[in-house]
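Below is one structure, written out as structure tokens; the observations come after it.
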Amino acid sequence: MKIRGAEIIVKTLIDEGVDTIFGYPGGSVIQVFDALYDYKDKLKLVRTSHEQGAAHAADGYARSTGKVGLILATSGPGATNIVTGIATAFMDSIPLVCITGNAGRKLLGKDSFQEIDIMGITMPITKHNFIVRDVKFLQDTIRRAFMIANSGRKGPVLIDIPSDIMAELCNYEKKESLKEEKKDQVNEDEILEIANCINSSKKPIIYSGGGVTASESFKELRKLIKLSNIPACNTIMGIGVLGYEDELNLGMLGMHGKYSTNNAIAECDLLIACGVRFSDRVALNTKKFAKNAKIIHIDIDKSEIDKNIYADYKLVGDVKEVLNALLSKIEKKERRDWLDHINELRKEDYRPVDSKDKIKPHQVIKYISKTLGEDMIFVTDVGQHQMWTAQYCGRTKPRSFLTSGGLGTMGFGYGAAMGAKVGNPDRNVVLITGDGSFNMNFNEIITAVNNNIKVITVVMKNKTLGMVRQWQHLLYNDRFSGTNMEENIDYINLSKSLGACDFSY
């Protein structure tokens, strides 16, 4: 049976398990939106206020569910409007499939209306991208895109489809999803060598990142930590392995991490890095970072090994598979001397004091976490509020703290929170944001209202771009340039005018 290319797109998305599309209509994708009309019972369409909001929503959906997020945008400005969202996902290894329309094939290369080389633009920020030039390749291209996005080191894939492809007829037959051919990645000799290294270490530390979330290896990592009594720290992308009060939880390291954690890293004799990339936020001075330690680096992406920090032991593979192979060879240890020393270091940490007269950020975050419980999802934008939330959110479940870690995208939060709520309708989703970030994409409140997406938003309004202002205070002698926000927006009345409920304190 022959059907239109537009319907092939919709049917293939359903075959790939897609249940929600985030997007915005336009001329070059109008046929896809027309095809979606007949599949309302199988595909939820969330039409956002802006394509960037759609990209962040698909990202938040993917981060919170582990599924591939789906973006649908028109040609020209529609396509370019999702670029920041694609880059955000790329930097944090989030699986997205982005479908864009373009001018018809005969019009390509002629500066046609809304024609843009979106493949060229997105080449550095996607795992792969495609342009479909023949309708008979459309179905398999989409299937390949999903396989690429969700395999190995996950990430965004873009498919650019000329508008005339969507109108052409082609045979369609349902096919199974493509699966990555996995090779045996675990080398037993390497595993034994690493296990011996861990068992003999006196002052080890585990350092985990977004790769632990991507590989769904929280359970295995906790087992390793508890069995061997190794204290563990994390990047902002690796939050949720241990409880906030757990003695073995060192919290975040690096620029925005704890004093005691960074000092412990400097003193450790072994650093076990799981699913991390040793970014400049963690290891700015690579010559001094963990200079007394042997380093074990486990990562699925071979290109990350030795890229920023030289590793003495290198294991390329899925973190979950490696940890499973390692666990049976790890000896139970007490390591009381090392833990006692770390507890001494903790005495020098900054400890915020609660106030009865004023509401302090850490109090707000801890109260929300305690009140709504472990099952809630925190989402942040980027700035001081992001780091406060990371320090005090106390998440112990995977995929319950969502933030833009690599690109640091202000305006990410509201769209991502919507996507998280769509993907997890029975969980509370709370966005912690600042007025600087919120001003960038608060138009997506309209989307939330129109689609009954119940996101709780906390705006920390300090009338400044707080993190940049903090740098100006510390490094530029209080020369505050461009960081004071003179606008006095009434967010309560703004939200009410857009149809949202309000609560002011």
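All positions are counted from 1 along the displayed chain.
Keep in mind that glycine also has a Cβ here, set from the backbone N, Cα and C atoms.
According to DSSP, the secondary structure content of the domain 'Thiamine pyrophosphate enzyme N-terminal TPP-binding' (4-120) in residues is 58 helix, 21 strand, 38 coil. Residues annotated as domain 'Thiamine pyrophosphate enzyme N-terminal TPP-binding' in TrEMBL: 4-120.
In the predicted structure, the domain 'Thiamine pyrophosphate enzyme central' (193-326) carries a mean pLDDT of 94. Per TrEMBL, the feature domain 'Thiamine pyrophosphate enzyme central' maps to 193-326.
Under the heading domain 'Thiamine pyrophosphate enzyme TPP-binding', TrEMBL lists 381-500.
Taking H, G and I as helix, E and B as strand and the rest as coil, DSSP gives the domain 'Thiamine pyrophosphate enzyme central' (193-326) the counts 47 helix, 27 strand, 60 coil.
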